[in-house]
């Protein structure tokens, strides 16, 4: 009887393991539309891999990550990426980094990373950071970080960083995807191409359409 039970348990766990490993791979881009036409331009989920015999050290290298970014955004911050677009060797490795430079009172505005959790460490300055949980709680977790402090932003949740100091600030973020993606909320909502209907946005935000029209007329740029 004991042997029979052990056999059943073993079969169960074997089938369970197969189910676990049979799931689809995570998406490494916003979408990957299937094509049946071989003449179409073909992309893969991620990037094609070169022959390992042809790999060189430069494929795994990014110079001058210590160089401050040039802040042009009106929100007062700039993000310097170190993902698969800059370091080809990150392809399939599931990790990337970013450097964020903040002017005094500069903001990395509310945004999400659809494919990555972020862990951030402050190198210089004082940052007020936070993230908001999903509906319906929408609970804000927030903290003021000093030099050397670390904070985590869970995957997909809206989060921000604000330099509350009178001097510049710098932070380094590590992200759990080679291509984490970023959706800056204000840019996506009010700067989409083509614009979202002002009827839709006026009702969604419960404001007059003139407010929506004003916001859509602003110059929105990626951070």
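Backbone N, Cα and C define each Cβ position, glycine as well.
Annotations in TrEMBL come from automatic prediction, not curation.
Residues or ranges marked as oxalate binding site by TrEMBL: 108, 113, 118.
Neighbour count (other Cβ atoms within 10 Å of the Cβ, all protein chains): 22 for residue 159 (Mn(2+) binding site). Annotation comment: TrEMBL describes 111, 113, 118, 159 as Mn(2+) binding site.
Here TrEMBL flags 32-49 as disulfide bond. Here residue 32 (disulfide bond) comes close to 43, 44, 45: these same-chain residues lie at least six apart in sequence, with C-beta atoms under 8 angstroms from its C-beta.
Summarising the annotation, TrEMBL assigns domain 'Cupin type-1' to 63-213. Residues belonging to the domain 'Cupin type-1' (63-213) score a mean pLDDT of 97 in the model.
The annotation signal peptide is assigned in TrEMBL to 1-22.
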How far is it from residue 111 (Mn(2+) binding site) to residue 49 (disulfide bond), counting Cα to Cα, in Å?
30
If I restrict to non-local contacts, at least six residues apart, and a C-beta distance under 8 angstroms, what lies near residue 113 (oxalate binding site) in its own chain?
153, 155, 156, 175, 177, 180, 181, 182, 183
Residue among binding-site residues 108, 118, 159 with Cα closest to the Cα of residue 49 (disulfide bond):
118
An 8 Å radius from the center of the 111, 113, 118, 159 Cβ atoms defines the neighbourhood of the Mn(2+) site; name the other residues of that chain inside it, in order.
112, 116, 131, 153, 157, 158, 180, 182
Local Cβ density at residue 108 (oxalate binding site) - other Cβ atoms counted within 10 Å:
27
